[in-house]
Structures are given as C-alpha cells and as structure tokens.
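Below is one structure, written out as structure tokens; comments come after it.
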Amino acid sequence: MAQDTVRQVTVLGATGSIGRSTLDVIARHPRDYRVFALTGHSRLAELERLCLEHRPRFAVVPETVAARTLQGSLRAAGLATRVLAGEGGLCEVAAHPEVDAVMAAIVGAAGLGPTLAAVRAGKRVLLANKEALVMSGALFMQAVQEHGAQLLPIDSEHNAIFQCMPGDYGRGLAPVGVRRILLTASGGPFRCWPLERIAEATPQQACSHPNWAMGRKISVDSASMMNKGLELIEACWLFDARPAQVEVVIHPQSVIHSLVDYVDGSVLAQLGNPDMRTPIAHALAWPRRIDSGVAPLDLFAIARLDFEAPDVRRFPCLQLARQAAEAGGTLPALLNAANEVAVAAFLDERIRFPDIACMIEAVLNALPGEPVDQLERVFAADRQARDVAQAWLQRFGR
Ligand SMILES: NC(=O)C1=CN([C@@H]2O[C@H](COP(=O)(O)OP(=O)(O)OC[C@H]3O[C@@H](n4cnc5c(N)ncnc54)[C@H](OP(=O)(O)O)[C@@H]3O)[C@@H](O)[C@H]2O)C=CC1
Ligand SMILES: CC(=O)[C@@H](O)[C@H](O)COP(=O)(O)O
Ligand SMILES: [Mn+2]
C-alpha cells in the first residue's frame, strides 16, 4: 500500500555500494520515494548515469570544475538537475527543507559534516557512515536529541539490534531489561588463516569478503576485524550500552545479523540473507515494512549456523577498538583516523596487512586522549592522528 505523500530522499555517497542498494530499493517504490539529491566523489561518470536514471533536483561533486562539466552534460540531456560542489553542497542537500530522509553513505570521516547537517536539520537520518558516529559519538547523539532527528541504523548488525530492542531503549540496557548485546561478525576472509599467511595478504584477498559485496575500505576493515571494533563503538552510542555489555560473536554464515539478550533469558535475533537492501528498506519505511527485492531466507539451504569466539591475537584491531571505546573522549576519533590512513596505505600496497594494527597502535601511543566538549576537538584529533600516521608511514612504509 502506498503512503500518503511521496518522501524526498537525499543519497550521500550515491555512487558507492550502499548508495546503489538504496537507489535499487527506492526505484521499487516510485509512488512512495523520490530521489532529491545524489552525491559522488571520484566516480563521476557513474554519478551522471545515476542522474539520468533518477532525475534528482540536485547532484553534488567535489569541486567546481567537475560541477560545471556535469552541469553541462545533464543540461544537454534535458535535465533540470542543479549541480553543486564541495562540502557546502553536501550539507545543503542534506539539510534542504524539502528533504524528508537522508541516506548517510559517504565512507569515512568525510561523511561527518554532511551527516551532522542532516541531523541538525531534524531529518530522518539513515546512518550507514559508522565512522561519523565513532568519531563524534556524544556530540552526535546530543545533536540528534536537540534537533529531533530520527536516527535509524543501516549497518546490518545495528539495524538488527534496533529491530530486537524494546521500543523505549536509550537510557542504559538494564532499565529496559537487556543484559547484553551480541554483535555478530563474519570473521572476514582471514577467519581461518594463520598469522604467517595473514602477514602476506594482498588487497584483493582482503577485499574478498565471504558473504557481503561492499566498498573497499569497509571490506579491509572486515578482514582486520576493525569493522567489528568500529561497530562495537557504534552500538554503544546508538543503544546507550557500555563496551562491556557488547559481546562480539563470530558467526561465519552472516545470517543472524545480531542478537539482544534479555534478563529473563530470552534472546531475540534478526535473520536474513546478507543483502543490505533489507536494512535499507527497513529504515526507509520504518515503522512500515516494504519489499526490498531480497529473496526469502532458505533455512534448508543454509542448513547450519555456527558460532566462535574472536581471536584477538590474530585480529588485534578488535582489542584496540575496545580499548578506545572504554577510554572514550577523542580516542575513538584517533583510532578511526589512524585506521583510515592505514587502510588506504594497505590498499596502495605501501604497508603489509599486519602493519594496519601496528600503525594504529603507534598513533594511539603517541597521542593522549582528551575529553570531547566541542566538534572542533574531534576534527583536531582527526588531523593530529592523520599527521602521526603519515609520519609513521614515511618511516616504515614502502
Ligand atoms: N557496503 C556495505 O554493505 C556497508 C557499508 N557500511 C558503511 O557505509 C559507508 C559506505 O560504504 P560503501 O558504500 O561500502 O563504500 P563505497 O566505497 O562503495 O562508497 C563510498 C561513497 O562515498 C563517496 N566518497 C568517498 N570519499 C568521499 C569524500 N571525501 N567526500 C564525499 N564523498 C566521498 C564515494 O564516492 P565515489 O565512489 O564517487 O568516489 C561513494 O559514493 C561506510 O561508512 C561503510 O562503513 C555499513 C554497513 C554495510
Ligand atoms: C553488511 C555489514 O553491515 C558489514 O558491516 C558486515 O557486517 C561486514 O561483515 P563483518 O565485519 O562481520 O565481516
Ligand atoms: Mn556491519
């Protein structure tokens, strides 16, 4: 059944994996959702193609020369789309008064400003960009409260937890009868690899996730299990949990997307095929349910569900993230920035896979954590961590 009004959706990071899945879901419901704005960064031919298909009011690219080029092509094709440039353009389409929902799917720290612009404009924010919340957790959640934004998690685990939590969560776990959150992890492509083999892993091997098709940065994070570390921090902020209340459980099939353990012994889980269109459709339509195009779960074909404890010796990033979560303040922002530099260096073949954790540890040892009382402190921590990480790279990288 169609809803009363058409919802206008801005897709930040439209050219990426989450962006494309979002557009697929939207296209299935033309009477309910319309694309208001699309943004891209390096894949501008793909952005042009998406504009021709979805005919948005706005498109955003990184700088003015690219904006003029795209504007010319779209005008020649008969489109009235206005092309904007830079972070100002991203914030404008995130906060535009005619926008109902914003898909925050830019990867990394670059997404923080535009995502916060959507929050401050009181939008329904579909949060895929976990790094934004990891960096600025307390201030981000405060802005959600102050501006009456509706924050819906897209990350598959957090969307699952959201679906399993009681409706009045958000004041600690105990008052709502929850004992702990069980955050599932696939274990990534190196789950069964010995340390010596992990040390020789190539970018292509790290990006070959066993269950999910994703962008390269998050794929490497899954391989190092930093993704689970970032998700632990993300879960603490979203559900008002302490790090000790979030347990990571390796579940290689990625069918159970996470679980919530209640004090009465009930454990609620959300299951589904590993396809991001499920959480995207859920968050887009919540509290309604809409078709996402995802096939029904075939339990007979899956046959078995396995569980293991994580091995922090082979995956030290998980422990580094837990320590940052416990320390709080600027530590998660430092961790995130160091990880972004390290992942980019690994993808450029300047460091080996185990160096990702070494570089992050070096940054965390070099910089003291500080309390976070304003956003500028978060951005300063991000810059400092990148500087220290670059210096480490000059010294130890290829
Ligand atoms: N993919 C998945 O299944 C999941 C992803 N997430 C999270 O969602 C986010 C997006 O992931 P994913 O879609 O896989 O990543 P992709 O790399 O596939 O896409 C990233 C998007 O961000 C854009 N982008 C990159 N750098 C910048 C920048 N500096 N300024 C503005 N835009 C930029 C890219 O543009 P362009 O391509 O044009 O360069 C692209 O549109 C990440 O935070 C990730 O952790 C969470 C759960 C699952
Ligand atoms: C699809 C999604 O949400 C990813 O974050 C996914 O969870 C990655 O898988 P692992 O980090 O568990 O390997
Ligand atoms: Mn996830």
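In case you wondered, yes, glycine gets a Cβ from its N, Cα and C as well.
Nobody curates TrEMBL annotations by hand; they come from automatic prediction.
According to TrEMBL:
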BINDING   THR15, GLY16, SER17, ILE18, ASN129, GLU131, GLY215  NADPH binding site
BINDING   LYS130, SER156, GLU157, SER186, HIS209, SER222, ASN227, LYS228, GLU231  1-deoxy-D-xylulose 5-phosphate binding site
BINDING   ASP155, GLU157, GLU231  Mn(2+) binding site
DOMAIN    9-137  domain '1-deoxy-D-xylulose 5-phosphate reductoisomerase N-terminal'
DOMAIN    151-239  domain '1-deoxy-D-xylulose 5-phosphate reductoisomerase C-terminal'
DOMAIN    271-387  domain 'DXP reductoisomerase C-terminal'
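Each residue contributes its Cα atom, and for GLU231 (1-deoxy-D-xylulose 5-phosphate binding site) and ILE18 (NADPH binding site) these two points are 16 Å apart. Taking all protein chains in view, 17 other C-beta atoms sit within 10 angstroms of the C-beta of GLY215 (NADPH binding site).
As a summary of secondary structure, the domain '1-deoxy-D-xylulose 5-phosphate reductoisomerase C-terminal' (151-239) carries 43 helix, 11 strand, 35 coil according to DSSP. Sequence-distant neighbours of GLU131 (NADPH binding site) (same chain, 6+ apart, CB under 8 A from its CB) are VAL107, GLY108, ALA109, GLY111, LEU112, LEU230, ASN336, GLU340. Comparing ASP155 (Mn(2+) binding site) with SER17 (NADPH binding site), their Cα atoms are 13 Å apart once rounded.
Cβ crowding, taken as the number of other Cβ atoms within 10 Å, peaks at ASN227 among the binding-site residues THR15, ASN227.
Among the binding-site residues LYS130, ASP155, ASN227, residues whose Cβ is positioned under 6 Å from ligand 2 are identified as ASP155, ASN227. Spanning the residues THR15, GLY16, SER17, ILE18, ASN129, GLU131, GLY215 that the record associates with binding NADPH, the maximal Cα-Cα distance equals 18 Å. Note: the Cα of GLY215 (NADPH binding site) and the Cα of HIS209 (1-deoxy-D-xylulose 5-phosphate binding site) are spaced 10 Å from each other. Checking the binding-site residues THR15, ILE18, LYS130, GLU131, ASP155 against ligand 3 with a 6 Å cutoff on the Cβ atom leaves ASP155, in sequence order. Excluding LYS130, SER156, GLU157, SER186, HIS209, SER222, ASN227, LYS228, GLU231 themselves, the residues of that chain whose CB lies within 8 A of the CB mean position for the 1-deoxy-D-xylulose 5-phosphate site are, in sequence, ASP155, ALA185, TRP212, ILE218, ASP221. The Cβ neighbour count for SER17 (NADPH binding site), using a 10 Å radius and every protein chain shown, is 19.
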